[in-house]
Structures are given as structure tokens and as C-alpha cells.
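Data block below; observations after.
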């Protein structure tokens, strides 16, 4: 039997993602390692953009904001989940639950609009390269970033406030591993039909408006690329955009699967797996995608490694050498 304590009263109960079998302990270890990798990868990306002058451009400033959002997203979910699992408890206070809802919607909504801003940046860079410094100036870049955070924050505060204002007359068990508005609405004993319709409309607007802007930007980019005479220019344009399109596909695919399906198609088990994918796995993939597919990021990374590790270094009485063969780092 599981030796898991459950706190009743006014706290909510998170049923979680794992039980205490050996296989689930292994899965928990993998999730926690993914969490640590995500934190280190995104922190390294932010540091790299900050220290390398070649990355002080609007594109990489927006990318640093994406990495910051991804770091905050995993910090919102995984530490509480891990603490509950390791302490064999499942409770979360209404305040903690509300904070998770606000942060999740702020970061999720903000990322939607930030990805649209990044698509516009690529459109200007490829379709209007000579006017890029004017059309994507620092002021506009800051306004787009602030607008992304603001729109996500407004959505989060509205939905969290409304969700926690309902009376919870029955079970307070949330069949999930974090607090989200749809899961809490199912526990209320009030008529939530109007709120659920409002919440569904909000999700559609927060997802489809930025997605429409992204599709419009890339339609214009595609048209411009096909008009290019140089094969090398086409390859460079596709390489620049492919990493962003991969991130857009991961984020929007999982988000639309969760929030835009009809109720009759929802399955708790599937929802948990997909939620784990976009809240835990996607943040670790984003810096990997940008570092593998982006020439400037790879160059900045190589420069940083050469600066800090090239040549013999004495560690614990031994000698540590780093040799570079083409694009690979070989340590001895």
C-alpha cells in the first residue's frame, strides 16, 4: 500500500502523475533530470545571449525572453510536484493553486504572443532586410515583449480570480499533477456554463490570433524565399526559420490538443501525458533546437567554450584538456 498522507479541509488534493511503483520511480527520476536539464539549458542560453555581443539583436532578445518563460514554467510545476511526491503528500493550498493558475496562463499566453513577435522579426529580416534596423528597433522590440507578458498576465489573473471564486461543495481532489482552471471548474457545485464558454473563447483567442499572425508571416516569408535567385540565400533563409517553426509546432500542437478539443474527447490520462510534454519536455527541447539549428548560437557557444576551457587545466591533481575537432568538443 502507498503510505501517502492526504490533507483535507480547505486545501486541494493533487492526485499527481506518478504512484510509488519501481517503474514510476524511474519515470519520476527521468522527469526530475529533464527539469534540471531544462533549467541549465535555458539559463545557459540566456547567459550566452547576454555575454556575446553578436547576439545582441532583436531576434536573440526575444529568444532570451522565451528561455526565461520556459524556466519559469518548469519552476511553477516541477518543484511542487516533486516535493509532494518525495514527502508522500498531495495537498496544495488555495493560494498555491491560484498562483500556479496565474503563472501557467501568464507564461502560456505570453509565449503565444512572443512566438508571434519572433515570426514577425523573421518576416522583417527576410522580406525587408535593408529596413530591418528601422522596422525592428529596440523600442518596438521592448513593446512587443512587454505586451506579451501583459496580455498573458491579464488572462491569468482573470481566469484564476473567477475560478477560485466558485464554491467547492464536493471533493477537492484534482486529477492532475498541477492546478489548472478546467480541472478546478469540474469540482464546483455552481453553474459554470457561462464561465466555461468564456474560458473556451479566451483559449481560442489566445491561441488562434497569434497563430494567425505566425502563419501570415511565414506565408510571406515562403513567397519571398521562392523569389530568391540564389540557392545559398534560400538555404540560409530556411535554416533561420526552421528552428522557430519547430518550436511553434511543439508549443501550439500540444496546447491546441489540450485546450481546444470538445469535452467529449477529453481523457484524463491523455491530458496528463500531453500536459507533461508541453510543461516539462518542451522547455528542455527549445534551447536544444535553437543551439543545433542556429549557426550564430553554435558560434557563440564554441567561442564561450574556447574562452573558458581551451588548453590544459589542472583539476584535482590531474590535467583536463579540451580539443576541438570540427564542430565537436572532445575532452580528455
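Each residue, glycine too, has its Cβ placed from N, Cα and C.
The transmembrane segment feature in TrEMBL is assigned to 25-51 (among others).
What TrEMBL lists as domain 'G-protein coupled receptors family 1 profile' is 41-290.
Sequence annotations record features per position, and here TrEMBL assigns transmembrane segment to 58-78 (among others). Nonlocal intrachain contacts for the transmembrane segment (58-78), taken as residues 6+ away from its ends with a CB within less than 8 angstroms of a stretch CB, comprise 31-32, 35, 38-39, 42-43, 45-46, 49-50, 99-100, 103-104, 107-108, 110-111, 114-115, 117-118, 121-122, 125, 136, 138, 141, 144-145, 148, 177-178, 247, 279-280, 282-283, 286-287, 290, 296.
Non-local neighbours of the transmembrane segment (98-120) in the same chain are 59, 62-63, 65-66, 69, 72-73, 76-77, 80, 92, 144-145, 147-149, 151-153, 155-157, 159-160, 163-164, 178-181, 184, 206-207, 209-211, 213-214, 217-218, 244, 247-248, 251-252, 255, 279; each lies 6+ residues outside the stretch with a CB under 8 Å from one of its CB atoms. Feature annotation from TrEMBL assigns transmembrane segment to 98-120 (among others).
What TrEMBL lists as transmembrane segment is 140-158 (among others). Sequence-distant contacts of the transmembrane segment (140-158) (same chain, at least 6 residues past either end, Cβ-Cβ under 8 Å): 58, 61-62, 65, 101-114, 117, 120, 202, 206.
Using a Cβ-Cβ cut-off under 8 Å and counting only residues 6 or more beyond its ends in the same chain, the transmembrane segment (197-225) has close neighbours at 108-109, 112-113, 115-116, 119-120, 122-123, 126-127, 151-152, 155, 158-159, 162, 181-182, 185, 234, 237-238, 241, 245, 248, 252, 255-256, 259-260. The transmembrane segment feature in TrEMBL is assigned to 197-225 (among others).
Per TrEMBL, transmembrane segment is recorded for 237-261 (among others).
The transmembrane segment annotation in TrEMBL covers 273-292 (among others). With a cut-off of 8 Å between Cβ atoms, the residues of this chain six or more beyond the transmembrane segment (273-292) that come close are 17, 31, 34-35, 37-38, 41-42, 44-45, 63, 66-67, 70-71, 73-74, 77-78, 104, 176-178, 180, 243, 246-247, 250-251, 254-255, 257-258, 298, 301.
Residues 66, 108, 111-112, 115, 118-119, 122, 125-126, 182, 203-204, 207, 211, 214, 218, 221, 224-225, 228, 271, 274-275, 277-278, 282, 285-286, 289-290, 292-295 of the same chain lie 6 or more positions beyond the ends of the transmembrane segment (237-261) yet place their CB under 8 Å from a CB of it.
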